[in-house]
């Protein structure tokens with residue numbers, strides 16, 4: 001059954017909506033703070049990831065500051081299809097941010113799922129699931145002001161304790177023209193509790209637009225199981241891809257070739273050392289002993305990391 005998900009080695013479709021109508025489950029790299037940047041997106045695309053998101057960007061800062069735009073958003077010709085995720089609470093601000101990225105990306109996503117305290121306190125993220133009219137207004141504004149009809153507008157949500165409220169939110173968003181909805185199958189209060197895949201299934205059955213399932217998917221087999229449990233059109237993965245960027249290509253753990261690819265891509269992109277090193281720590285988690293981790297995790301320069309990889313793995 002894994003054929004469903006792995007059959008298209010690297011999907012050549014560049015339009016996100018075409019991906020959802022391709023007959024295959026869409027394999028998606030989640031928006032991850034600090035991690036899902038251009039270099040990492042380049043890596044996972046080599047290993048059968050169909051669609052990538054940027055890390056969450058605060059729309060107001062992005063619109064106001066050229067410095068924020070330069071540091072938060074980098075892309076290139078091969079970085080497609082690409083969704084830029086924004087945190088926003090005002091329709092026109094989200095719209096302005098969407099218009100800035102429109103020439104360089106394939107769509108935007110409104111974050112309605114981040115449960116972090118700072119985001120909720122600022123009126124961003126998961127508190128928006130309690131404001132369906134505001135979400136509807138933001139989606140409508142972007143739809144009306146971005147001229148490109150192929151530009152997607154999606155939302156990423158968490159679920160309510162009372163699922164009827166979530167279904168209502170999703171149906172209102174659908175009526176406003178949202179392209180697809182990603183559902184993280186936990187409530188705002190839940191962190192490590194089991195994911196409610198049954199809730200994602202109910203949401204999927206209530207919608208006629210694509211629904212993406214997210215939460216606790218660590219292997220290709222998990223992705224396959226969640227697809228069958230929920231009927232979701234896409235599977236979004238965060239930590240599973242950090243631990244194994246080759247996951248969607250069917251590898252059980254990070255292959256050495258993928259580590260070599262990361263080194264090459266990261267050096268080519270001028271990735272800051274901390275980010276370069278952290279990615280390797282995640283990737284090598286399952287393939288190194290406790291003793292090796294103690295040594296590797298405290299290395300403090302790119303040259304020290306390269307020497308270590310060369311000496312121990314021939315990378």
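Glycine residues also receive a Cβ, built from the backbone N, Cα and C atoms like all the rest.
According to TrEMBL, the domain 'DUS-like FMN-binding' annotation covers 29-291.
Residue environment of residue 31 (FMN binding site) contains 25 other Cβ atoms, counted within 10 Å of its Cβ in all protein chains. The FMN binding site annotation in TrEMBL covers 31, 32, 33, 85, 184, 238, 239.
If you look up TrEMBL, you'll see 114 marked as active site, proton donor.
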For the binding-site residues 184, 239, work out the Cβ neighbour count at 10 Å and name the residue with the minimum.
239
Between the two most distant Cα atoms of the FMN-binding residues 31, 32, 33, 85, 184, 238, 239, the distance in Å is 17
Rounded to a whole angstrom, what is the C-alpha distance between residue 31 (FMN binding site) and residue 114 (active site, proton donor)?
11
Fewest other CB within 10 angstroms, which one of the recorded positions 32, 33, 114?
33
As a whole number of Å, the Cα atom of residue 184 (FMN binding site) is distant from the Cα atom of residue 114 (active site, proton donor) by 10
Give me the CA-CA distance between residue 85 (FMN binding site) and residue 114 (active site, proton donor), in Å, as a whole number.
11
